[in-house]
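Annotated features, as they stand in TrEMBL:
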DOMAIN    19-116  domain 'Cytochrome oxidase subunit II transmembrane region profile'
DOMAIN    131-243  domain 'Cytochrome oxidase subunit II copper A binding'
REGION    297-371  region 'Disordered'
TRANSMEM  41-65  transmembrane segment
TRANSMEM  86-108  transmembrane segment
Amino acid sequence: MARFPSFPVRLAPLAGLSLLGGCNMVVMNPAGDVARQQADLVLWSTALMLLIIVPVMVLTVVFAWKYRATNKEADYRPDWDHSTGLELVIWSAPLLIIVALGALTWVATHTLDPYRPIGRLAAGRPLPAGQAPLEVQVVALDWKWLFIYPEQGIATVNELVLPVDRQVRFRLTSSSVMNTFYVPAMAGMIYTMPGMETKLHAVLNRAGRFDGMSANYSGAGFSEMRFPTLAMDDTGFDRWVATVKGGQGALSQARYLQLEKPSEKVPAMRFAAVQQGLFDRIVKMCVRPGEPCVTMHGEGHHGMQPPVNNRPAEGSEGALMKAPEEKGTSPHLTAPRGPASGSGKPGDQTNRNMTRLERPALPGAIQSARS
């Protein structure tokens, strides 16, 4: 007969779970206020759902033990089928939790809207008066990330550097397929799509090095679409900008077209200058010379004239708009008229002719014609 392990031996695997406490769960321990509020939303939602799950699991075990076959003292009531108090608890508790979850989610969804500028740096810390957000233009390439800093006039590839405690406004697009920009320590995911621009507002509240990635499969090099996100104080950020500006190379239109070609495992790159308006041309899909720009919301750009929707209709009038004497003749109109459909003898092919220019004969007239 096989022997079961002793109780301490059976608990040994569970002791290994305590080692998970040393793991850095970046989603639940983020460095930015937006991600912090998203983590709180996860915790509150989980706690509310556990108010239903835990009692159900506990009562399942209690009922199974109390009403087991060997318990002869349990109250056996085969005719019991209703309890008003129990019905109220069963239906009201889940309903109240669903209402609470809905209200919590609705408020958080509007508060954490990525298109909405953030209202604070952190809990109890309002935005400094007069401080403009830092704008970073993001382009998802195959298979790398391009970051353009329009205010600073620089750009990087696979390297994102941000100042601490300053709102950042991301403008995002893609050069080929849909992708997802994701820095778990800073904020949630945001899609990037070719020919379109999405936005994200976020902030980092502590200095450090954090991981950024693509969270949407986009082809062979998808797994290597990772980049470091460096958060530093204002002095360190200004020093980094000066270092990049003192380097070599400029991100021109021609250089971008080379960079746009698919490549994998691309090391970090820096550009000391950026061609003016390059990001807008990427969004409008007209980077190549002579390529017409995509028109969005009725606006014309560069190689494409804006549409004119209030011009009077041109061209000849259709027949429905003309008087009968203006319509002229046609083979159908001048051809001899045959008998009305259904007025011939049974089996006659003329009965199948459903094209007519006049009302068919009445049933009585059809019967007279057949006779």
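Each residue, glycine too, has its Cβ placed from N, Cα and C.
Note that TrEMBL annotation is computational and uncurated.
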With a Cβ cut-off under 8 Å, give me the same-chain residues at least six positions beyond the ends of the transmembrane segment (86-108) that come close to it.
37-38, 41, 44-45, 48-49, 51-52
Spatial neighbours of the transmembrane segment (41-65) far in sequence, C-beta under 8 Å, 6+ residues away:
27-28, 71, 93-94, 97, 100-101, 104-105, 108, 112
Taking DSSP states H, G and I as helix and E and B as strand, how many residues of the domain 'Cytochrome oxidase subunit II transmembrane region profile' (19-116) are helix, strand and coil?
66 helix, 0 strand, 32 coil
In the domain 'Cytochrome oxidase subunit II copper A binding' (131-243), how many residues does DSSP call helix, how many strand, and how many coil?
13 helix, 56 strand, 44 coil
Average model confidence [pLDDT] within the domain 'Cytochrome oxidase subunit II copper A binding' (131-243):
96
